[in-house]
Each structure stands twice: as C-alpha cells, then as structure tokens.
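Data block below; observations after.
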Amino acid sequence: MSMGRKLFLLITISTSMFPFAVLACNQSRDAVYVYYVLRTISFILSQGSIFCIAVAYAADIIKEENRAAAFSWITGFFSASHVIGNLLARFLPEKYIFVVSIALLIFGSVYMYFFLAETVEPVEKRERDSTFLTNIINFTRKRYESMRYAAEVVFRSPTLKVISFVSFFYELGMSGISSVLLYYLKAVFGFNKNQYSEILSVVGVGAIFSQILVLPLLNPFVGEGVILCLALLASIAYGLLYGLAWASWVPYMSAAFGAIYILVKPATYAVISKGSSSVNQVSQNQQSNMNV
C-alpha cells in the first residue's frame, strides 16, 4: 500500500457521503436513480475495503496475541452501530434520516483526519513525463501484479488457502440466506417491518455481547480456531432453523444463533493476521470479504 492506510480510510468513507447527500436534498424518482448510480460506485470503492483497512490498521499497532480480541471489539462496535442505526431509522422522522446519516459520516471523516495516526509511510512516486496511454498501461500492469501477488501469498500458505475456502463457502451460504430471508418471513409468516426490526435487534444485541465480552474471554483458553468452528456450526443451525421453521416464534430462536455465528468474522481476521505479514494484511482480508 503506497498511499498509507489513513488516506485509504478517508477516501473510502468519504465516498459513502455522496449517495445519501442526493436523497437528503431531493427524494424524487430521478434523485433515486442518481442515488443508485452513486451508491454502486461507492460500493465498488468502499464495500468491504473499509473493514479490511480498519482491521489491517489495528494489526499494525496491536500485538499478535491481542489481535483476536481487538478484531472482536471492532466487529462488536460495528454491530452496535447497526442496532443504533435501526433504532434511529425507526424513531426519526423520514426527512431527518439522511441528514443525520451525512452528519455522522462527516464526523467520522473529520475525526480520522485529525486524530488517526498513519501507521504505514507513504511511498513517494517519482515524477515522470508519460503519455495518457502509458499511464493507463502502467496502472493496469501494476493492478495485475498486485492481484497476482495476493493470490500467490494465499496459495503458498496452507493456513491462508484453507481460510480462503472456508470464507468463500461461508459467505456463499449466508449471502443466499440474507438475500431471501425477509421475503421468506413475509410470505410464510406475514412478518412486517416491526417484526423485522425485532429480529435484527435480537441479532445485533447478541452480537455486541458475544464480540465484546465472550470472544475476548474465551480466545486465550481455546484459540480462534475453536471459536471459528463453533461459529460455523452456529451458522448451520441458523440456516436450518429458518428453513424448517414450523411456527412464527422459531425465527426468533434462530436469530439467537446470530450472536454466535457473528464470531466467524473476528476469528477469521485473527487467523489471517497470524498467517500473513503486515504488508499483506489488507489484500488477504479483502480475499475473505470479496463475497460480502
């Protein structure tokens, strides 16, 4: 990473402001189309990258034996933001939701700019007179070499290779469930938005507790490998209970397993962090998040 982690964090978070700014100013049909275009571009630049860079930043300043707990706290606060966001969206008037979102994004960017220290020294580029075509070719070549290097690092390490396959199949299954879950609950049990909010709150509150308290306490005794296995088993139970739900209360019981399977992320990050060097942290975490 030649530009430093702080700059990349500022760029990825800043791009998230523009789609919401459009809806804050205008909520017409044309504005919605503009929102989706900007949101797509924003997702290309920031979706997954923010979390990967944040994890890599933490790995730069935290000792290896404490990283699992640190990653768990990061994902725990991420879950806390989801819970608070759900509550704000439910109780705030609609006309204020996007304004509040933009204010929070601006606050996060300003805070990072003034208080976040850079952990990687940017590499200065030599100024050269090059044509536009030459710059395009050089950029494409560098991106290809970067992707090839990341793939080589993964497949040369047995640990990283296994965790990449685990992450791929986990995200493949969970993304499929998440895509149809709300439609399924509405079609089968007639759930409304309030019940969706209740289920999301159950998962969110449980996730905060398990990530901030349970994982840091258990990890020194059992290790992140055991926690990862337990979390994967919980994700299987989560999917089976939803698929076999025979009454409207079963989805609530299934949601309780979300407090356990949510530990897949911090445990995976801890395994990757131990299996790769500091300079490879971002690329390996992106490999595990590319399906999110």
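Placement of Cβ uses the backbone N, Cα and C atoms for every residue, glycine included.
Curation does not apply to TrEMBL; its annotations are automatic.
Taken from TrEMBL, the feature signal peptide covers 1-24. Marked as transmembrane segment by TrEMBL: 34-58, 70-89, 95-116, 162-184, 196-218, 225-246, 252-272.
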Of 70-89, 162-184, 196-218, 225-246, whichever stretch has the most CB pairs under 8 A to the transmembrane segment (252-272): 225-246
Stretch among 70-89, 162-184, 196-218 sharing the most Cβ pairs under 8 Å with the transmembrane segment (225-246): 162-184
